[in-house]
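Note sheet for the following structure.
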Amino acid sequence: MSERTHKSLEQAKQEGKYIRTVRSFVKREGRLTKGQAVALESHWHEMGLTHEQGLVDFTQVFGNDNPVVLEIGFGMGKSLVEMAKQAPELNFVGIEVHRPGVGACIAFAKEQGVENLRVYEHDAIEILADCIADDCLQTVQLFFPDPWHKKKHHKRRIVQPSFIEAIRKKLKPGGVFHMATDWENYAECMVEDMQQAPGFVNLSETNDYVPRPDNRPLTKFEQRGQRLGHGVWDIQYQKQ
Ligand SMILES: C[S@@+](CC[C@H](N)C(=O)[O-])C[C@H]1O[C@@H](n2cnc3c(N)ncnc32)[C@H](O)[C@@H]1O
């Protein structure tokens, strides 16, 4: 670790900021298309939220008290924008680390006239720890998180007991954590970890998976999985 990083890590810890060392993503520097760059430049001030802002007051951000749905790792944001458009009575917040995805999401939201959506370009683990108040989310959705296929990489999977506990804290009582994956082993691990986590009830009648909910639009990764003949597992747990 370089001295510079070490110093900033120490500083951050002293300031009480949450810092993690094993991450669920590899930062890709992918180039922005012109449309993504223009969207970020023109609309970030309306739609962007930052880690530096700290604890966020969603009533102030959205100008209303509507329930808040948080999506982690929205990719290019197409399904998130579609959901926000279909449900103007809810507020949506997306978190994604991939800058071109954030640009694409903002561009599509503007094209669709969606106003009930804000986005972070940051690691969701740090946003959960530093920016989201406890007991404030109606739904947390995690669709097709990176599966990290190899066993030696499973520690990079975002769904871990500590992540589940962070989600539990941020959900309102009665709020729902909705996961979907096309990787069977990850689906099994998700259910196993959720079963062991305190404070959640499985919404599945069979105590494992739920039927694909109608309000979840087909995501890019799901479409790809379908072409490859993968199954899809939806998992929903409610906070007690
Ligand atoms: C396999 S993609 C799925 C994207 C989208 N949900 C879909 O179904 O098309 C997983 C996404 O999660 C993002 N991601 C992974 N870890 C993250 C984290 N800790 N915080 C925010 N985004 C993350 C990645 O950048 C990637 O875009």
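Glycine too: its Cβ is placed from the backbone N, Cα and C atoms.
Just so you know, TrEMBL annotations never went through curation; they're auto-generated.
If you look up TrEMBL, you'll see Glu71, Glu96, Asp123, Asp146 marked as S-adenosyl-L-methionine binding site. Mapped onto three states, the DSSP output places Glu71 (S-adenosyl-L-methionine binding site) in strand. Close to Glu71 (S-adenosyl-L-methionine binding site) in the fold, though at least 6 residues off in sequence, lie Leu80, Met83, Phe92, Val93, Gly94, Ile95, Val140, Gln141, Leu142, Phe143, each with a CB less than 8 Å from its CB.
Packing around Asp182 (substrate binding site) is summarised by its Cβ count: 20 other Cβ atoms lie within 10 angstroms of its Cβ, all protein chains included. For Lys150, Asp182, Thr219, Lys220, Phe221, Glu222, the entry in TrEMBL reads substrate binding site.
Ligand 1 lies under 6 Å from the Cβ of the following binding-site residues, listed in sequence order from Asp146, Lys150, Asp182: Asp146. Of all the binding-site residues listed here (Glu96, Asp146, Thr219, Glu222), it is Asp146 whose C-beta has the fewest other C-beta atoms within 10 angstroms.
Fewest other C-beta atoms within 10 angstroms, among the binding-site residues Lys150, Lys220, are seen around Lys150.
Taking the C-alpha positions, the distance from Thr219 (substrate binding site) to Asp146 (S-adenosyl-L-methionine binding site) comes to 14 Å.
Within 8 Å of the centroid defined by the CB atoms of Glu71, Glu96, Asp123, Asp146, the record's S-adenosyl-L-methionine site, lie the Cβ atoms of Ser24, Phe25, Ile72, Gly73, Phe74, Gly75, Ile95, Val97, His98, Ala124, Pro145, Ile158, excluding the listed residues themselves. Spanning the listed substrate site, residues Lys150, Asp182, Thr219, Lys220, Phe221, Glu222 have a farthest Cα to Cα distance of 23 Å.
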